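Enquirer: Straight out of TrEMBL:
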type	residues	note
ACT_SITE	Ser168	active site
ACT_SITE	Asp326	active site
ACT_SITE	His356	active site
DOMAIN	86-244	domain 'Alpha/beta hydrolase fold-3'
DOMAIN	299-359	domain 'Alpha/beta hydrolase fold-3'
Amino acid sequence: AMRLRLAGAVLLAAAAYYVYLPLPSGVSEPWKLMLLDALFRSFMRAVSGGEMLAPGPTVNVTDSTLGGVPTRVFQPNGESRLRRGVIYFHGGGWALASGKMRSYDLLCRKMAEDLDAVIMSVDYRLAPEAVFPDQYHDAVAASRVFLSAELLQQYGIDPERLCVSGDSAGGNLAAAVAQELSLDNSLQVKFKAQALIYPVLQALDFHTPSYQQNQAVPILYRPYMARFWLQYLGADSSLEPVLLVNNHSALDERAISAATRSNLNWTALLPAERKKNFKPVVKEKGSPGVVGAVPGLIDVRAAPLLAEQEVLRKTPKAYVMTCEFDVLRDDGLMYGRRLRDAGVEVTSDHYEDGFHGCMVFANLPMMSSVGQRSMRNYIRWLDQNL
């Protein structure tokens, strides 16, 4: 019995050591975030597959395809009338997760139910088997079919009430789709809204204030994000240290124009309360040639924050969610500011106690308080703006 107790104590201490992290004060429910981080680190080591869930009493769930891309469709049951429609792209660094995972399945069911809307959750191809622009092409192809008269008629969707949305890497795809399709004058139907949840939007500056402040805050550590970007862009993983010190975007990299640099100049785009006392990291000399080898770094289809103002001006009204304890916070804040400067109506929804990925963890077993709040507000915005 003594041996068992001792073994139990050792195991408990080992588990606590693995789970415990020093976290900044102000983060919502720190122990839940520590546990989530431990699970996410395990997930990064062994990625699990998707889940199939049975239809609920109020929402009919079917698996289909949109433009050849696997898609899960959530349709409210009940009397048929024209409904709102949302096309959704899941997060996961363009490499992980699926719309069939429990967390995304539950989110889309709730959206369908609360909004009385048809939700289409797209399973675009994932890295490393697929790399940019494959994920982008899947997102655009699915969105074109989503906007087609045939599909809208088939599912009874109102062509005047359509939104493109996604979280994290899915927010990146949603922003890129909103830009691309707003420029296409051949389309009869356009999106009315874009809803971006803690989106990742650029890979030239890994030293924005939020990257500096949150580089070691779970669940999205700064090196993870550099790794996801390199994998997405089909680049050599040995470039990770170059990206992490901003050597790829030093001033001797001629491929990056002054206009491109100004589109992500956080010293001009962020409010003082987010800049705090952080200093920009802009090297005089770095590793010229990286952008030539990895052109996706300055391709607006991969990095929507780099788009010019005349492109942004044509995109639909926007909702941008950001979280204080997230390396990607400033990507979203800068994009919201640039959209607003271009004349787009923008709702910025910032969570002072939020962390990356929180909205997807609004359900059991995590039941994150900030996750529930953010999901409620996201759905409320869609209800009021779609």
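Cβ coordinates come from backbone N, Cα and C, glycine included.
Automatic, uncurated: that is what TrEMBL annotation is.
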Enquirer: Can you give me the same-chain residues 6 or more apart in sequence from His356 (active site) with a CB-CB distance under 8 Å?
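Expert: His356 (active site) has long-range Cβ partners Ser168, Tyr198, Ile219, Leu220, Cys323, Phe325, Asp326, Val327, Leu328.
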Enquirer: Mean pLDDT, the domain 'Alpha/beta hydrolase fold-3' (299-359)?
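Expert: Per the prediction, mean pLDDT sits at 98 for the domain 'Alpha/beta hydrolase fold-3' (299-359).
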Enquirer: Can you count helix, strand and coil residues in the domain 'Alpha/beta hydrolase fold-3' (299-359) using DSSP?
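Expert: So the domain 'Alpha/beta hydrolase fold-3' (299-359) is made up of 22 helix, 19 strand, 20 coil.
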